[in-house]
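Asks: One structure is given below, represented as structure tokens, and several questions about it will come after.
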Amino acid sequence: MSPTLAEVTTVLEVIDGGTAYLEKRGVADARLNMQRLVGHFLGYTRVQLYLEFDRPLTEEQLAPIREALKRRGQGVPLQHVVGEVEFMRRDFLCDGRALIPRPETEELVTLILQEKETLAEPTRVLDVGTGSGVIGLSLALELPAMGELVLADVSPDALSLARENATALEVEATFLESHLFSAVDGTFDLIVANLPYVPENDRDSLEPELAHDPDLALFSGPDGLDLLKAFIAEAGEYLNPGGLLALEIGHEQAEAVSQLLLHFSFTDIDIRSDLSGVSRFPFARRL
Ligand code: GLN
């Protein structure tokens, strides 16, 4: 069945009609989804949507909204439907070439920025498994004295998306097609990575929307630790003395990752919690 927007004309009616349509299809946060969707296609902010609630819409304005609504109702993630995602209050292009950035990852960036006084300047930053580039590019825009930014990923698709985001945000970066550190040269003051950490063993119990993220961006061996292990074993070689390593990991991985960091002689090991209280962000330094 296609969305029933035929007889509705105003902004508010479209939002109401679309919300009911999405609710019927079990989409969580249906109204918020619908506001984002309508806002995107009309080029309105949320405030404008509210102020212009009784503005009538033309068929030309309705057609793409109707199409997008249908895809959202079929379970396509909102970020893919609108082709972008907000991360640290900026818009990034987002599609099936890389992982959809998650809200926890904004917490990782915020925690790193709280350490900015402790970072050498100009700060050389390496983002391993950069995906859409959100972490590295956000840091480049927020750190007070950025040195070189290197964005590495094993996936050429992800790198092409990261490159488009860098261009759109006017950030200069070096792009490396690299399995972890395989193509990385030199040393850095900050190495950040949100590597795939989902256990293969959990594959059958995952939310259906994860099917829209590339497998390569999600899974990492039976317990999800394969890439983290290989990464931590090598990371010290690419970090300047005093440099910061900052990671995102899955729930139930904190103990194993602390042990790995200890084993590979990192100091100041501190696993920070996310807003839901999960030990999520290992921070560590090189002596
Ligand atoms: N670094 C990217 C992000 O945090 C991609 C992560 C990944 O593909 N696992 O969104």
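The backbone N, Cα and C atoms fix where each Cβ goes, glycine too.
Residues annotated as domain 'Release factor glutamine methyltransferase N-terminal' in TrEMBL: 13-83. Taken from TrEMBL, the feature domain 'Methyltransferase small' covers 121-202. Feature annotation from TrEMBL assigns S-adenosyl-L-methionine binding site to G129, T130, G131, S132, G133, D153, N194.
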Asks: Give me the long-range Cβ neighbours of G129 (S-adenosyl-L-methionine binding site): same chain, 6+ apart, Cβ under 8 Å, in sequence order.
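Replies: A152, D153, V154, L180, A193, N194, L195, P196, A217, L227 - these are the non-local Cβ neighbours of G129 (S-adenosyl-L-methionine binding site), listed in sequence order.
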Asks: Centre the Cβ atoms of G129, T130, G131, S132, G133, D153, N194, go out 8 Å, and tell me which other residues of that chain have a Cβ in range of the S-adenosyl-L-methionine site.
Replies: A98, L99, D127, V134, I135, G136, L151, A158, A162, A217
Asks: Tally every other Cβ atom lying within 10 Å of the Cβ atom of S132 (S-adenosyl-L-methionine binding site).
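Replies: Around the Cβ of S132 (S-adenosyl-L-methionine binding site), 29 other Cβ atoms lie within 10 Å.
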Asks: Cβ under 6 Å from ligand 1: which of the binding-site residues T130, D153, N194 qualify?
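Replies: Those binding-site residues that pass the cut-off, since their Cβ is under 6 Å from ligand 1, are T130, N194.
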Asks: Take the domain 'Methyltransferase small' (121-202) and count its residues per DSSP category (helix H/G/I, strand E/B, coil), listing them in that order.
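Replies: Result for the domain 'Methyltransferase small' (121-202), in helix, strand, coil order: 26 helix, 25 strand, 31 coil.
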Asks: DSSP helix, strand and coil counts for the domain 'Release factor glutamine methyltransferase N-terminal' (13-83)?
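Replies: When I sort the residues of the domain 'Release factor glutamine methyltransferase N-terminal' (13-83) into the three classes, I find 51 helix, 1 strand, 19 coil.
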Asks: Out of T130, N194, give me whichever of these binding-site residues has the highest number of other Cβ atoms within 10 Å.
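Replies: The largest 10 Å Cβ neighbour count belongs to T130.
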Asks: Across the record's S-adenosyl-L-methionine-binding residues G129, T130, G131, S132, G133, D153, N194, the largest CA-CA distance in angstrom?
Replies: 11
Asks: Please give me the CB contact count at 10 A for D153 (S-adenosyl-L-methionine binding site), counting all chains in the structure.
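Replies: D153 (S-adenosyl-L-methionine binding site): 27 neighbouring Cβ atoms within 10 Å.
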Asks: Identify, in sequence order, the residues in the chain of G133 (S-adenosyl-L-methionine binding site) that are 6 or more apart from it along the sequence and have a CB within less than 8 Å of its CB; answer 'none' if there are none.
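Replies: Looking at Cβ-Cβ distances below 8 Å from G133 (S-adenosyl-L-methionine binding site), excluding near sequence neighbours, one finds F92, D127, L151, L161, A162, R163, N165, A166, A173.
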Asks: As a test of the contact definition, list every same-chain residue at least 6 positions from G131 (S-adenosyl-L-methionine binding site) whose Cβ is closer than 8 Å to its Cβ.
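Replies: Correct list: A98, L99, P101, D153, A158, L161, A162, N194, A217.
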